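S.K.: To start, I am sharing the structure in question, which I have written as structure tokens.
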Amino acid sequence: MRFTSIEAVALTAVSLASADELAYSPPYYPSPWANGQGDWAEAYQRAVDIVSQMTLAEKVNLTTGTGWELELCVGQTGGVPRLGIPGMCAQDSPLGVRDSDYNSAFPAGVNVAATWDKNLAYLRGQAMGQEFSDKGADIQLGPAAGPLGRSPDGGRNWEGFSPDPALSGVLFAETIKGIQDAGVVATAKHYIAYEQEHFRQAPEAQGYGFNITESGSANLDDKTMHELYLWPFADAIRAGAGAVMCSYNQINNSYGCQNSYTLNKLLKAELGFQGFVMSDWAAHHAGVSGALAGLDMSMPGDVDYDSGTSYWGTNLTISVLNGTVPQWRVDDMAVRIMAAYYKVGRDRLWTPPNFSSWTRDEYGFKYYYVSEGPYEKVNQFVNVQRNHSELIRRIGADSTVLLKNDGALPLTGKERLVALIGEDAGSNPYGANGCSDRGCDNGTLAMGWGSGTANFPYLVTPEQAISNEVLKNKNGVFTATDNWAIDQIEALAKTASVSLVFVNADSGEGYINVDGNLGDRRNLTLWRNGDNVIKAAASNCNNTIVIIHSVGPVLVNEWYDNPNVTAILWGGLPGQESGNSLADVLYGRVNPGAKSPFTWGKTREAYQDYLYTEPNNGNGAPQEDFVEGVFIDYRGFDKRNETPIYEFGYGLSYTTFNYSNLQVEVLSAPAYEPASGETEAAPTFGEVGNASDYLYPDGLQRITKFIYPWLNSTDLEASSGDASYGQDASDYLPEGATDGSAQPILPAGGGAGGNPRLYDELIRVSVTIKNTGKVAGDEVPQLYVSLGGPNEPKIVLRQFERITLQPSKETQWSTTLTRRDLANWNVETQDWEITSYPKMVFAGSSSRKLPLRASLPTVH
């Protein structure tokens with residue numbers, strides 16, 4: 001079954017088309033132009049002032065990458081040297097500077113989610129931003145809230161935060177603030193509904209033997225889009241994100257980087273996005289269509305990697321000269337790019353890139369792939385780590401979730417013989433960076449694989465850190481790190497005072513195949529014989545502690561309730577300080593306060609199967625129908641009355657907490673008013689000129705395959721090299737696509753993140769929390785709301801806070817619920833509304849431990 005339209009879903013019921021119909025994404029034109037609203041005003045005006053001085057070719061130069069593997073960064077635009085504007089360096093990844101050296105390898109986004117700590121999210125973002133800035137990168141290609149985590153086995157879930165949109169949204173926003181406060185443009189990605197690696201790109205899928213010709217299509221209804229997948233991006237826009245990266249997949253059978261509904265309507269018109277939309281690498285599929293649908297920057301610039309051809313560059317210049325793309329659209333692209341640059345203060349901090357993404361050699365050709373240009377110093381080996389190892393270690397410890405503890409932890413340091421068991425305890429025999437883009441599972445797992453990685457400056461393994469602890473106390477430590485040497489594992493476990501067993505499960509981006517996992521995991525089991533390693537140790541040692549390093553949930557049902565398994569910890573993907581972070585928790589220097597950012601089911605079937613791994617549409621685009629709507633992770637478990645092993649939000653401590661005294665207070669707030677009125681007409685800046693103004697400059701030494709904005713000839717058809725050049729634009733351009741007249745403001749729009757009235761605080765909720773144990777510890781009070789409708793989740797997370805309490809001390813935690821927190825999306829009015837269904841609020845320590853509840857008063 002396939003959805004007929006993103007708007008064709010009633011508020012309380014999904015309307016499905018017949019099986020032979022494909023989902024359809026309705027057109028929305030024209031592409032909204034930036035207006036500098038809110039705190040963008042100063043940056044917008046500066047951008048207008050500089051863009052007004054640019055020629056058409058100079059504007060185009062800002063919009064188009066110069067080509068894959070040509071300049072130093074993984075993506076680099078042209079600049080405007082005449083006006084002192086450099087080409088902009090865009091660099092991966094969401095957890096650190098990729099393809100570089102002397103940089104930090106931070107914990108992954110999923111670990112930040114496990115901290116439930118807004119301040120740590122900000123500090124991590126700020127620290128990463130500092131390192132990107134110091135390396136000469138202007139744009140960080142992160143953070144990610146797409147994938148959100150529709151399927152627990154989605155390959156890149158770990159790059160983002162959590163399948164809960166509220167938790168993801170808050171930490172997404174804080175990360176963006178941190179990055180941009182360090183003077184680097186943050187890129188909110190991957191927009192949108194990019195939830196699996198299978199079929200994300202047709203050429204990649206063809207390489208794996210799948211006979212498809214188009215990327216897979218994520219098919220979802222408007223309610224699901226707004227209440228789940230768009231939610232964290234609204235938080236990102238409200239936080240001032242300078243860039244948004246559109247994704248590889250199609251959304252309702254329209255590619256993410258030329259989908260006018262998701263880019264023009266949702267992102268720019270409804271959420272009021274003022275920055276620029278950048279394509280993911282090779283996700284740009286059409287020149288004019290992409291420009292008019294809201295794409296602002298093409299990366300890495302070429303049609304295919306290293307092809308030397310581009311949908312934009314020269315072709316965008318031609319499209320403006322012949323009137324196919326209006327001047328106001330390319331002006332808007334340039335203004336958006338420059339406004340983001342100015343908003344973060346990049347002009348004050350700019351430094352040229354001091355590293356090469358393509359080689360670690362000190363010297364090389366300036367234009368790497370074609371071995372052209374001067375032979376010069378391309379790597380300056382600048383150490384940008386500062387003191388970030390301290391923060392990384394803290395986040396690693398504060399994100400370690402204690403899932404089970406039968407009195408085994410914390411360790412006392414007096415254990416006479418400690419057994420370290422499992423490959424995940426030790427080093428990769430090829431070195432921490434021995435597998436390209438971490439594309440293997442050898443040794444301890446501290447990040448997944450793909451473009452969302454960074455080189456480790458070092459990696460402290462659990463074996464190193466724990467051995468240091470044991471030897472410091474003059475006790476014995478022995479290792480068994482061959483996961484198939486079961487006899488040796490059993491023999492060692494028999495002699496141990498405590499057996500620490502290390503297991504893992506990996507995943508990553510689809511261009512790398514690890515043990516038959518094409519990015520997405522094939523299943524949720526532990527890798528490399530992990531279950532048998534645990535059972536071998538536990539059958540011979542009555543004090544077996546299991547440590548899991550994984551990209552998400554794994555199946556623990558075979559051994560979690562074994563009485564000899566006395567403790568279980570999830571360490572996630574903790575980055576370079578992995579072993580030290582874990583030792584801090586094991587030995588009680590840090591009291592665990594982390595909470596699971598996802599649900600641990602008893603079986604893979606408990607999650608339902610949302611991952612499409614076989615083509616289902618002939619050789620056309622595989623159709624990925626999001627038939628579950630908003631019911632993913634704990635929402636789906638609740639709906640199906642499925643009992644998890646460990647619920648969303650669950651996590652133990654070395655102390656205990658008590659919740660009491662829930663109070664609810666209605667706050668004074670303005671009435672909700674749908675936004676109304678019209679925009680100004682699209683402004684233009686400067687003159688376009690004639691084709692003769694944009695011929696290649698005399699004396700230019702052209703670089704092979706480099707993407708330029710200039711023309712070979714004043715004959716535009718000859719300059720384009722397009723066999724279909726001259727086709728009447730009215731034959732293929734949607735109605736209104738080039739209309740620069742004033743446009744109506746959407747009811748749900750009018751401000752950053754949507755209608756400003758959505759963020760009015762309507763209700764204050766307070767709870768008393770007491771530390772009833774004997775040691776200080778962190779707790780994360782969680783506030784859930786029931787929206788009351790018959791087809792709504794039983795509860796949805798809305799607020800949380802990580803707090804520290806000394807023993808026997810208590811505090812009153814107070815938070816507020818906004819209009820958005822209490823509203824549903826109405827597909828008929830195309831606006832948010834607080835329904836008349838009775839609503840309740842719940843408070844507690846996890847999604848299934850909510851001792852306090854109260855009815856909410858009626859608000860509007």
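Cβ atoms here come from the backbone N, Cα and C positions, even for glycine.
These came from Swiss-Prot, pasted as-is:
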| type | residues | note |
| --- | --- | --- |
| ACT_SITE | D280 | active site |
| CARBOHYD | N61 | N-linked glycosylation site |
| CARBOHYD | N252 | N-linked glycosylation site |
| CARBOHYD | N322 | N-linked glycosylation site |
| CARBOHYD | N354 | N-linked glycosylation site |
| CARBOHYD | N387 | N-linked glycosylation site |
| CARBOHYD | N442 | N-linked glycosylation site |
| CARBOHYD | N523 | N-linked glycosylation site |
| CARBOHYD | N542 | N-linked glycosylation site |
| CARBOHYD | N564 | N-linked glycosylation site |
| CARBOHYD | N658 | N-linked glycosylation site |
| CARBOHYD | N690 | N-linked glycosylation site |
| CARBOHYD | N712 | N-linked glycosylation site |
| SIGNAL | 1-19 | signal peptide |
S.K.: So if I measure Cβ to Cβ from N523 (N-linked glycosylation site) and keep only same-chain residues at least 6 apart in sequence, which ones fall under 8 Å?
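M.R.: Those within reach of N523 (N-linked glycosylation site), by Cβ under 8 Å and sequence separation of 6 or more, are D153, R604.
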S.K.: Here are the glycosylation sites: N61, N387, N542, N564. Which has the lowest count of other Cβ atoms within 10 Å?
M.R.: N387
S.K.: Can you check which residues sit near N354 (N-linked glycosylation site), meaning Cβ under 8 Å from its Cβ, same chain, 6 or more apart in sequence, and list them in order?
M.R.: K135, G136, N379, Q380, V382
S.K.: By Cβ count within 10 Å, point out the most packed of the glycosylation sites listed: N252, N322, N690, N712.
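M.R.: The residue with the most neighbouring Cβ atoms within 10 Å is N252.
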S.K.: Where N61 (N-linked glycosylation site) and N712 (N-linked glycosylation site) are concerned, what is their Cα separation in Å, rounded?
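M.R.: Between the Cα atoms of N61 (N-linked glycosylation site) and N712 (N-linked glycosylation site), the distance comes to 16 Å.
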S.K.: Looking only at C-alpha atoms, tell me how far N322 (N-linked glycosylation site) is from N690 (N-linked glycosylation site), rounded to the nearest Å.
M.R.: 10
S.K.: Among the recorded positions listed here (D280, N442, N658), which has the Cα closest to the Cα of N252 (N-linked glycosylation site)?
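M.R.: Given the candidates D280, N442, N658, the nearest one is D280.
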S.K.: Cα of N564 (N-linked glycosylation site) to Cα of N542 (N-linked glycosylation site): how many Å, rounded?
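M.R.: Here the two Cα atoms are 4 Å apart.
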S.K.: Please report how many Å separate the Cα atom of N542 (N-linked glycosylation site) from that of N658 (N-linked glycosylation site), as a whole number.
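M.R.: So the Cα of N658 (N-linked glycosylation site) lies 31 Å away from that of N542 (N-linked glycosylation site).
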S.K.: D280, N442, N658: which of these recorded positions has the sparsest Cβ neighbourhood within 10 Å?
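M.R.: Taking D280, N442, N658 as the recorded positions, the minimal 10 Å Cβ count falls on N658.
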S.K.: According to DSSP, which of helix, strand or coil covers N658 (N-linked glycosylation site)?
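M.R.: For N658 (N-linked glycosylation site) - judged by DSSP and reduced to three states - the answer is strand.
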S.K.: Say you check the Cα of N690 (N-linked glycosylation site) against those of the recorded positions D280, N387, N442; which is nearest?
M.R.: D280
S.K.: I'm trying to understand the geometry here, so how far is the Cα atom of N658 (N-linked glycosylation site) from the Cα atom of D280 (active site), in Å to the nearest whole number?
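M.R.: Cα-Cα distance, N658 (N-linked glycosylation site) to D280 (active site): 47 Å.
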S.K.: Roughly how many Å lie between the Cα atoms of N712 (N-linked glycosylation site) and N387 (N-linked glycosylation site), rounded to a whole value?
M.R.: 51
S.K.: Just to verify a number: CA distance, D280 (active site) to N442 (N-linked glycosylation site), in angstrom, no decimals.
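M.R.: So the Cα of N442 (N-linked glycosylation site) lies 29 Å away from that of D280 (active site).
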